[in-house]
């Protein structure tokens with residue numbers, strides 16, 4: 001058994017699943033997210049260079065500590081990878097997460113002084129910068145166009161050999177908490193690979209989910225969404241529940257399960273265990289702060305931590321909305337109505353909201369901009385949470401993508417800009433005053449209070465209020481791309497209603513011609529209802545599977561199986577009775593052709609009413625998107641005078 005519970009289904013892939021997986025491979029190949037041999041060889045070359053530099057540095061520091069030359073040659077040390085590269089789901093342009101593991105006579109001060117200087121002096125390494133005050137201290141650099149995030153861990157060992165097993169919990173004894181957090185990257189990645197039943201299916205599914213998350217703008221741990229390890233653990237949990245499923249099926253089950261997940265119920269890959277080593281672990285029964293986590297996804301190794309502690313109620317709502325929308329798209333893919341490209345097309349942001357905040361950072365050069373931008377990004381998630389304290393702000397949606405200002409706006413200065421979309425409650429004809437000045441001022445003060453160590457002349461931050469029509473001066477290309485994306489909301493419903501409407505008209509004509517066609521319609525109706533009943537059973541089973549137990553695994557398996565069997569037996573009995581009743585109704589209807597004709601006409605009338613209502617919904621949805629603050633419909637090119645009658649923006653002066 002993999003995970004906390006037994007599998008929901010051990011079914012093998014069908015021919016349709018295999019065919020869908022092949023089409024998924026083609027779609028991923030077009031998106032260029034599959035690793036090439038050339039990219040792999042380049043990354044191996046970069047890691048080899050880093051490993052040689054690290055061992056050379058360890059030998060030099062050992063000699064400075066007056067260790068014998070023979071001992072200095074044999075103390076070891078190694079560079080390990082983790083994250084997407086270790087999981088095998090990286091693609092061209094992705095960064096590499098690595099860690100330098102050293103023996104006990106090498107200190108963290110040595111790492112951020114002598115090793116940092118060694119990297120700076122190397123002509124093959126660019127943009128070296130240290131983030132020593134981070135929760136997990138890191139040195140960032142770029143080698144051959146590949147971004148590297150390198151951590152540091154010091155083990156309580158005289159020598160660190162290549163075959164050191166980092167999964168041993170005893171290695172954490174008497175270590176600095178920062179070293180423990182750094183080692184968790186490797187330990188969690190290796191544990192995830194050990195906890196999935198089929199690594200190849202897991203990797204392919206994770207590649208697709210990560211691409212989807214980036215395109216739907218929900219991929220960023222720093223900005224309050226989910227990072228790479230969190231998405232990996234969610235995919236791993238689905239793989240545990242469907243150990244033999246094909247990647248195409250796993251993607252569908254992924255959206256199905258987590259669109260129904262009862263957060264803050266935690267996601268666990270295996271039962272938690274306790275080690276008396278003194279490190280804090282995630283436990284809401286003991287730690288009050290853990291009770292405030294809204295989307296806990298718990299790492300599978302000691303000390304267990306919540307990988308999504310940055311997620312807020314606002315970002316959780318955004319993620320859940322994307323889950324539900326993508327579940328509908330997956331339904332279209334499974335029925336052949338759409339292709340995988342629809343799942344991977346970017347979600348709409350700039351055409352979704354009418355009011356925005358633009359947070360822009362400036363610096364004198366690109367190297368200074370990297371430092372300044374990283375600091376601002378680490379605090380940016382607090383701004384949307386603060387804005388939602390305003391009564392009329394229903395949602396404050398932070399776009400995790402970074403953009404560069406056009407030359408006319410930046411005046412040639414290196415810059416980066418983020419956007420926050422604002423959903424404003426309807427005003428019912430009254431004037432709404434949006435005063436963000438205090439919230440923006442507090443955010444800027446928070447950023448500058450943390451910037452004392454890196455702040456230099458020329459670094460600046462600006463926050464501006466914008467309307468949608470102002471975006472053409474900031475992101476003109478993004479606006480064009482979004483306007484070219486077809487509206488996916490409701491398209492499946494409209495297409496199905498239209499198809500059913502045409503189908504019912506043609507079937508009405510045939511039913512008036514021959515009794516055989518009437519019998520065929522009745523048989524199809526029974527078959528469709530049978531399929532719907534089976535689908536509802538599966539969904540109920542998923543809901544049971546999504547409830548992570550808090551007891552021992554053996555007892556949980558017993559309770560889960562008993563509850564599932566009782567629910568399924570009840571459902572099967574009710575379903576069989578329903579099908580029998582429907583069959584009887586069909587037999588009675590076949591004996592009376594006039595009754596069938598009348599009922600078919602009534603169905604036709606209902607279908608036409610549904611189509612009319614659907615068309616009205618499209619018109620109303622378009623109106624609501626154009627006017628978030630008024631019940632009236634505004635044109636895209638409305639004047640500022642009309643806007644000021646409904647909403648008044650107060651522009652604070654922010655340094």
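Glycine residues also receive a Cβ, built from the backbone N, Cα and C atoms like all the rest.
If you check TrEMBL, you get these features:
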DOMAIN    3-196  domain 'Poly(A) polymerase nucleotidyltransferase'
BINDING   82, 83, 84, 95, 96, 97, 149, 210, 219, 228, 229  ATP binding site
BINDING   95, 97  Mg(2+) 1 binding site
BINDING   95, 97, 149  Mg(2+) 2 binding site
DOMAIN    201-345  domain 'Poly(A) polymerase central'
DOMAIN    348-407  domain 'Poly(A) polymerase RNA-binding'
DOMAIN    416-482  domain 'Poly(A) polymerase RNA-binding'
REGION    546-567  region 'Disordered'
COMPBIAS  549-560  compositional bias 'Polar residues'
REGION    622-655  region 'Disordered'
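Between the CA atoms of residue 97 (Mg(2+) 1 binding site) and residue 229 (ATP binding site) there is a gap of 11 Å, rounded to the nearest whole number. Here the binding-site residues are 97, 149; the one with the fewest Cβ atoms within 10 Å of its Cβ is 149. Confidence for the domain 'Poly(A) polymerase RNA-binding' (348-407), expressed as mean pLDDT, is 93. Under DSSP, residues within the domain 'Poly(A) polymerase RNA-binding' (348-407) fall into helix, strand and coil as 21 helix, 15 strand, 24 coil. Between the CA atoms of residue 149 (ATP binding site) and residue 95 (Mg(2+) 1 binding site) there is a gap of 8 Å, rounded to the nearest whole number. DSSP assignment over the domain 'Poly(A) polymerase central' (201-345) gives 72 helix, 6 strand, 67 coil. Across 82, 83, 84, 95, 96, 97, 149, 210, 219, 228, 229, which the record gives as binding ATP, the greatest C-alpha separation is 19 Å. Checking each of the binding-site residues 82, 219, 229 against residue 95 (Mg(2+) 1 binding site) by C-alpha distance, the shortest gap belongs to 82.
Of all Cβ atoms in the protein chains displayed, 21 besides its own lie within 10 Å of the Cβ of residue 96 (ATP binding site). Local packing around the binding-site residues 82, 219 was summarised as the count of other Cβ atoms within 10 Å of each Cβ; on this measure the leading residue is 82.
DSSP assignment over the domain 'Poly(A) polymerase RNA-binding' (416-482) gives 26 helix, 21 strand, 20 coil. For residue 229 (ATP binding site), the count of additional Cβ atoms within 10 Å of its Cβ stands at 23 [all protein chains shown]. Residues 83, 96, 98, 140, 147, 148, 150 surround the recorded Mg(2+) 2 site, their Cβ atoms falling within 8 Å of the Cβ centroid of 95, 97, 149, which are themselves excluded.
Neighbour counts of Cβ atoms within 10 Å were compared across the binding-site residues 84, 95; the minimum falls on 95.
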